[in-house]
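Listed in Swiss-Prot:
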type	residues	note
DOMAIN	113-321	domain 'ATP-grasp'
BINDING	Lys148, Gln195, Glu196, Phe197, Ile198, Glu199, Asn200, Pro201, Gly202, Arg203, Asp204, Arg220	ATP binding site
BINDING	Asp265, Glu294	Mg(2+) 1 binding site
BINDING	Asp265, Glu294	Mn(2+) 1 binding site
REGION	268-295	region 'Disordered'
COMPBIAS	275-288	compositional bias 'Basic and acidic residues'
BINDING	Glu294, Asn296	Mn(2+) 2 binding site
BINDING	Glu294, Asn296	Mg(2+) 2 binding site
Amino acid sequence: MKKIGIAITDPEDWTARALIKAAKEKGFSPLVFDLSDAEVRIGSGISEPASIFKAGEVLLSDLDALIVRDVGAGAFEGVSFRFDILRELEAEGVSVINSPEAIQNAANKYHASYLLAKAGLPVPETVAVQSLEAALKVISEFGDAVIKPVFGYKGKDIARVKNREIRFSDRKIEPAPVEEILEKLLEEKGMLYIQEFIENPGRDIRAFVVGGTAIGAIYRKAAAGSWVNNLSQGGSSDRCVLTDEQEKIAEKASLALGTTFAGIDIIEGTEESEENKKTEGMSSENRKSPRILEVNGTPSGKGIFDAWGINPADHILEYLKNIL
């Protein structure tokens with residue numbers, strides 16, 4: 001029986017439990033552990049193999065495959081160590097999905113935008129800067145801008161800047177001057193990742209891709225009075241049937257970042273967009289064309305399951321069964 005490791009951080013997480021259940025149903029022997037419990041012994045005193053990878057009682061190098069539900073948060077060196085372990089397990093012959101490179105590609109919003117654009121995929125206009133002067137210039141150019149943490153999740157700490165007012169995703173309009181807030185953010189982060197705000201129908205799309213195929217999608221609708229569509233920020237979900245164009249860019253986005261499974265967030269533009277009104281020579285069809293906001297390399301499958309009854313964990317384990 002093939003040994004499948006499942007790296008989790010929350011035993012009660014819906015997706016973690018779904019992966020464990022699906023692994024058993026596919027005939028695997030799932031070994032569940034937290035990467036924050038991992039330890040490695042290298043070199044002197046070890047005969048064969050040269051290194052020993054363990055997490056609790058799980059001998060990681062004995063695994064046939066490893067599904068990463070979550071790497072976990074923490075201090076820089078600790079998180080880096082976990083990614084090193086994943087890379088080293090790959091070198092030891094363990095099939096790791098998603099690969100550490102793919103997870104890092106998706107987790108870094110700036111680098112993900114670069115890779116998506118390089119692959120010819122549509123993304124909002126994006127500028128990364130390291131000074132207050134440059135940030136103010138970009139915000140003025142966009143008119144309506146969004147500042148996101150490069151390493152962020154669940155819609156937290158996203159700020160919208162419009163008419164010299166700044167509003168974070170979980171707060172009301174900030175009373176402090178924009179310059180003061182931006183300067184503080186620069187001091188904390190060292191750079192700012194700024195995107196044009198895309199006027200939209202009050203929703204975005206989360207498409208779930210497994211093995212290069214879009215298996216389902218949901219609309220995520222912002223809560224009343226909010227501009228952030230994340231479910232964790234109070235948004236709601238509904239069924240979404242992808243257009244051919246949306247399906248194609250979702251699948252290509254997963255490929256561009258190297259993910260085996262991913263949540264692809266897509267925004268639909270509207271013809272009435274202020275940004276689009278200022279864009280000369282752009283057709284109505286192009287004004288409403290979809291753009292990729294970001295890619296999640298460790299996505300939850302609960303939203304798709306609740307809306308459609310489609311269980312991404314079943315698809316992930318079926319994919320794994322076919323490659324082992």
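Yeah, the Cβs are placed from backbone N, Cα and C, and that goes for glycine too.
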Problem set entry | Lys148 (ATP binding site) and Glu294 (Mg(2+) 1 binding site), Cα-Cα, nearest whole angstrom | 11
Problem set entry | Asp265 (Mg(2+) 1 binding site) as reference: those binding-site residues from Glu196, Ile198, Gly202, Asp204, Asn296 with C-alpha within 10 Å of it | Asp204, Asn296
Problem set entry | C-alpha spacing of Gly202 (ATP binding site) relative to Asn296 (Mn(2+) 2 binding site), in angstrom | 21
Problem set entry | Cβ contacts of Asn200 (ATP binding site) (under 8 Å, same chain, 6 or more positions away) | Ile267, Glu268, Gly269, Thr270
Exercise. Given that the record lists Lys148, Gln195, Glu196, Phe197, Ile198, Glu199, Asn200, Pro201, Gly202, Arg203, Asp204, Arg220 as binding ATP, what is the largest C-alpha to C-alpha distance among them, in Å?
Worked result: 21
Exercise. Just going by other Cβ atoms within 10 Å, which of the binding-site residues Glu196, Asp204 has the emptiest spot?
Worked result: Glu196
For this session: Report the mean pLDDT of the predicted model across the domain 'ATP-grasp' (113-321), rounded to a whole number.
Result: 87
Exercise. Around Glu294 (Mg(2+) 1 binding site), how many other CB atoms lie within 10 A of its CB?
Worked result: 23
Exercise. By the DSSP assignment reduced to helix, strand and coil, which category contains Asn200 (ATP binding site)?
Worked result: coil
